Amino acid sequence: MTSTNKTLTLCRYGIRSSMLVEYVGPFNMSISPSAHVTASQTGDLILSLLNKAKVEGDGKKKKNRKIAIFSSPFLRACQTAHGIYKVLSPHFSLPPILVEPGITEWLDPSLVSTSNLQPDVKGEEYDGIPIDEDYEPHGDAKFPETVPELSTRLISTVTSLLNSYDDVIIVSHAPCLLSIARHYAPPSNPLNESALGGVYRFELVSPDKQEAVMTHNSYTLHLTEDLKPGIQRWDFPPPSCSYLLHISYPFIYLVTFLLLLPSILSPISDCDEVYNYYEPLKIGLLGEPAMMTWENSKEYAFRTYAMIEPSKLVLGATKIVAGIVGGEVLTGDIALILTTFTTSHHLNGSHTKAILTGMVATTCIAWPFVGILYVPLALDALYLGYKNCGFKGASKPITVALASFVALTGVTAIVDKVNYGVWTIPNLNIFIYNAIKGPEGMEGKTGDELYGVEPFGYYVKNLILNFGPAAIFIPLLPLVAILKRTIVRFTTPELTLLKVLTPLYIWIMVVGTRPHKEERFLYPVYHLIPIAAATTLWMGREICNINRLERIIPVKNSLYKLVWAAVAIAGVVTGWGRSYAIYKNYNAPIPLYTSLSRTLGPGTVVCTGNEWYRFPSSFFLGSQSLRFLKSGFGGQLPQPFGEDGSRGVPAQNFNDMNREEIERYDSIEVCDYVVAMEGEKEMEEAMKMRVGGGWVVEFEEIFLDKEESGLERIIRIPWLLDGGIWKGYRAYKWVEGGGD
């Protein structure tokens with residue numbers, strides 16, 4: 001090259017003010033306070049390069065060169081361009097910032113939605129940015145775009161810009177910068193991934209790519225210490241995977257289907273779900289017999305009807321009555337949904353929405369303990385409010401929290417007054433029972449000690465079973481975070497992720513130290529476990545990419561992607577293997593009661609003993625109610641609701657100590673059908689006591705004998721791990737004068 005006529009500088013913006021979820025958004029967010037510093041530092045770098053430039057060949061003086069800053073229409077790019085402009089404008093004659101649609105974000109369906117293609121730069125959020133409103137664009141973008149179409153659009157636009165200006169400065173997005181850099185980079189000089197605040201720079205003889213020299217390759221050494229390693233690097237996927245970017249909608253539908261399928265097919269996993277929610281739903285919706293627990297009696301009132309009334313209204317309005325009950329409505333499941341929304345809102349900076357969903361979870365599902373999950377996020381909202389707007393900003397989250405708490409508690413209290421017939425607050429009742437006072441007559445003990453005690457390892461095994469390799473990253477994340485912090489400061493996205501992950505560790509400590517443990521107690525933080533795994537891998541990669549560690553821990557991008565893929569595939573295999581095992585091994589009660597429901601007539605009596613806790617709900621019994629036979633279970637059983645539901649006085653006594661109430665049991669003589677497991681000796685002996693006929697197996701489904709089976713009891717992989725020892729889950733019918 002004998003002379004340099006043109007320079008092309010490509011700049012990526014700094015850290016965003018909120019997390020960006022591809023395709024979901026928010027798309028047009030601003031940059032963070034630290035990113036304004038990044039923009040100034042990039043401006044200082046460009047200023048030094050322009051001052052050092054030696055013009056040869058055409059004789060132009062530096063001061064006569066035509067310099068312009070071009071920006072994508074998105075706010076974060078325009079704000080970064082403004083930061084650069086403020087550094088350069090005192091030294092050079094610059095036009096206002098030129099917003100160029102031809103260098104906008106890659107319009108790929110996996111990144112953006114059709115409703116957020118081009119921001120309006122005349123919006124109030126752009127106030128203060130010097131934008132040339134008379135500028136005539138050199139290019140445009142059309143949705144959707146493939147990688148070749150993106151490259152064609154960008155190169156056409158940039159070539160036109162270089163024909164009009166000597167020094168072109170472009171502020172845009174990683175896919176755009178990489179596409180342009182790929183065009184101009186010499187084959188002998190491989191491109192680095194685009195990092196936040198990174199700069200590519202080329203010296204050219206002419207606007208085409210002939211004799212281009214790359215002087216800066218995603219350069220970040222001009223930035224602060226935490227950004228110098230080059231964070232949030234982005235690159236196009238390898239060609240073998242690029243097709244995935246163009247099947248986003250089918251892919252989303254497929255993932256949604258795969259997530260819903262186990263929920264629809266899985267058996268009802270907890271008797272609390274049936275007796276505390278489905279049963280009162282049935283009597284409230286249909287007025288037919290259903291079973292009542294002590295938690296739903298007005299004496300104790302542990303379950304709020306605010307969880308049940310919405311379902312009753314929807315089902316009643318649509319005239320849909322469940323013949324087969326599927327899905328789950330436990331407090332843990334609803335808490336999981338609401339905490340997921342809260343996390344999403346907090347990541348997007350919508351703190352008011354986060355507070356509202358948190359308050360709904362705390363006040364409306366009668367599980368007040370989940371309130372502790374929102375403490376870290378509430379404190380962060382207070383801090384950010386105070387940081388941005390002083391005491392006025394901090395007072396808004398407090399006002400929203402108090403107002404929503406009062407309103408929701410009031411609505412819940414009214415709903416429960418209608419259903420219990422007395423003023424009561426189930427949230428307060430269950431909190432006192434489980435955390436403060438405990439059952440009557442058992443001083444010094446709390447209620448959760450009555451229903452089984454498990455060691456902390458119970459949760460460890462559950463997490464590994466349900467999340468596979470992702471669970472391993474739960475204890476690893478704090479160690480990786482500490483290591484990262486000892487080397488370099490956290491970036492804003494890393495700090496945000498660590499803050500939203502704090503509830504995961506608080507919740508595990510809270511439920512892990514309680515005597516009674518159930519898998520469903522972990523549901524409220526299930527959504528945080530994959531985030532913890534992804535954050536650990538991300539921060540681990542950032543550590544390995546730090547300049548002074550690269551020679552010690554050389555991690556190639558291909559190896560990193562291989563690790564990601566291995567974790568993802570292992571997670572999918574174990575997750576689906578677990579779901580398949582639960583469905584195949586333990587689904588028998590639902591199809592059996594479905595078959596049984598088709599044969600029931602007026603006055604038919606269905607009984608069960610040890611299998612009372614697998615009863616899938618009275619929706620299967622129509623106008624009949626379930627009866628109980630004496631078996632090996634020694635705790636308190638439900639009883640039928642009275643005509644007034646929870647408002648009435650129970651026909652039999654209830655207690656809060658899980659003490660057996662003998663009057664719950666019926667005689668074998670009243671039973672027309674008995675549901676029992678094959679080989680259940682106590683039930684077989686009870687059935688033999690009836691004379692004048694015999695019992696025949698009317699319906700039978702297979703049920704895994706987990707005591708005799710191997711790994712199939714916890715995970716199944718078709719053709720590899722799909723055996724097991726089975727026994728019958730049976731409905732016996734009494735036949736007068738016959739039978740065995």
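Including glycine, each Cβ sits where the backbone N, Cα and C put it.
Feature annotations, reproduced from TrEMBL:
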{"type": "TRANSMEM", "residues": "243-265", "note": "transmembrane segment"}
{"type": "TRANSMEM", "residues": "365-386", "note": "transmembrane segment"}
{"type": "TRANSMEM", "residues": "398-415", "note": "transmembrane segment"}
{"type": "TRANSMEM", "residues": "463-483", "note": "transmembrane segment"}
{"type": "TRANSMEM", "residues": "495-515", "note": "transmembrane segment"}
{"type": "TRANSMEM", "residues": "521-539", "note": "transmembrane segment"}
{"type": "TRANSMEM", "residues": "559-577", "note": "transmembrane segment"}
At a C-beta cut-off of under 8 Å, are there same-chain residues at least 6 beyond the transmembrane segment (398-415) that contact it? List them, or none.
304-306, 309, 352, 355-356, 359-360, 362-364, 378, 382, 423-427
How about the transmembrane segment (463-483) and the transmembrane segment (495-515): at least 3 CB pairs under 8 Å, pairs 6 or more apart in sequence, or not?
yes
By a Cβ-Cβ criterion of under 8 Å, what residues six or more beyond either terminus of the transmembrane segment (521-539) are in contact with it?
330, 332-333, 335-336, 339-340, 343, 361, 370, 373, 459, 462-463, 466-467, 469-474, 476-477, 480-481, 484, 494, 497-498, 500-501, 503-504, 507-508, 511, 514, 560, 563-564, 567, 571
Checking distant contacts: for the transmembrane segment (495-515), what same-chain residues at least six beyond its ends satisfy Cβ-Cβ under 8 A?
18-19, 339, 343, 346-347, 369, 372-377, 380, 446, 448-449, 453-454, 456, 459, 474, 477-478, 481, 521-522, 524-525, 528-529, 531-532, 535
